[in-house]
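Presented below is the structure to which this report refers.
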Amino acid sequence: MKKLDRLFIIVLDSLGVGALPDAEEYGDLGANTLGHIAEALPLKLPVMESLGLGNILDVRGISPASAPRGAWGKAASRTKGKDSTVGHWELAGVPVDQPLPTWPQGIDSAVIRDFEEAIGRKCLGGGVASGTQIIAELGARHVETGFPIVYTSADSVFQIAAHEEVVGLEKLYHWCEIARKTLSVGRVIARPFIGQEGSWQRTANRHDYALPAPGKTMLDALQEKGCPVVAVGKIADLFAGRGIDESWPTKSNDHGMDKTLEIARQEGKGLVFVNLVDFDSVYGHRRDVRGYRDALESFDFRLGALLPLLRNDEAVLITADHGCDPVFKGTDHTREYVPILAAGPPMSPVPLGCRNSFADIAASAVDLLVGPAVWSGPAGESFADTLVQEG
Ligand SMILES: O=P(O)(O)O[C@H]1O[C@H](CO)[C@@H](O)[C@H]1O
Ligand SMILES: [Mn+2]
Ligand SMILES: [Mn+2]
């Protein structure tokens, strides 16, 4: 039986809550995104604290609530991989057993050659790199030659950086489409930037070209039942637009939450699936602990404005897609548990325990919005009955 009219799922992109048992395989032993931020700097998250954030894990400065206002728990990943694409696929009910291809030694030279031939010009870079560092290194040469800067990371990504005033967005996006057609990586990403040597700046015109999820997602399952799916932030990119009725791309976390608040103020039905990517791309990869802390506090404040807007049949669930510990070595994601906090008038403040897969969130969301019968994917286990008790 359907239990909710509308559910907001907000993904705090990269907010891990401690290393997974297999973290060593990823070189991530001891990672803890939220825990380490709170150890490094004073952190106040009164709204999430009241929902039960401190009941999920020990976080300095955040106490366990004796009477939490929300349900709380965490989830392990069953997917082989720790990036945004596969993380979101698993959250949506499609864990991936086969890791997507990566280039740990840099992009294959044959791949670069083919790409150069396809776009009719040479490329710069090609290695495993941090986006801001490689632009600092090669930006001037790029401006001089017009050759795109290509690079990868520990993730399954082919990233193309180009200056907006040298190459132009249209051409950059076109190059990405060319790369997307031939590559089997999880994502091709356009990384436009502006500015001059010494003060390059990446812009919000980033665009991700993901593969479609290799299975039926909760978005597909909901759509099949006529239940609307609204995407905020980069959700539509991560699902290659599939299963989404309406998409609102955003320029920042605050913009994403402002849009979410605007949607919440209007009556509506279905799933509102929100991704707040700055935690990951602006702070996590840049190992900017202070920025990450400030962004968390800013989110918490806006969450405080969202909760009172929830109507009798509405709820919010907060989670993440992987970790990106800003105190950890390197600049990559970290293999971690993700938090689960759920609140709203119909929700019971209960422990949800440690879930075996992010996919439990998809199973629960579908169950809450249209009922269990519809779910036929490699679904997780629904905790909808624990969350909303029939009255
Ligand atoms: O260093 P930048 O360009 O931000 O790249 C980061 O962004 C990519 C996509 O999230 C990740 O794979 C990571 O490498
Ligand atoms: Mn992510
Ligand atoms: Mn990332």
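Note: Cβ is positioned from N, Cα and C throughout, glycine not excepted.
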For the Mn(2+) 1 site that TrEMBL describes with Asp321, His322, which of these is also annotated: Asp5, Asp13?
Asp13
Of His207, His333, which does TrEMBL put in the Mn(2+) 2 site with Asp280, His285?
His333
Expressed to the nearest Å, what is the distance separating Asp321 (Mn(2+) 1 binding site) and His285 (Mn(2+) 2 binding site) at their Cα atoms?
14
Could you state the CA-to-CA distance between His285 (Mn(2+) 2 binding site) and Asp13 (Mn(2+) 1 binding site) to the nearest Å?
11
Here the Cα-Cα span from His333 (Mn(2+) 2 binding site) to Asp13 (Mn(2+) 1 binding site), rounded to a whole number of angstrom, reaches 10
CB neighbours within 10 A of His322 (Mn(2+) 1 binding site), counting all protein chains shown, number 33
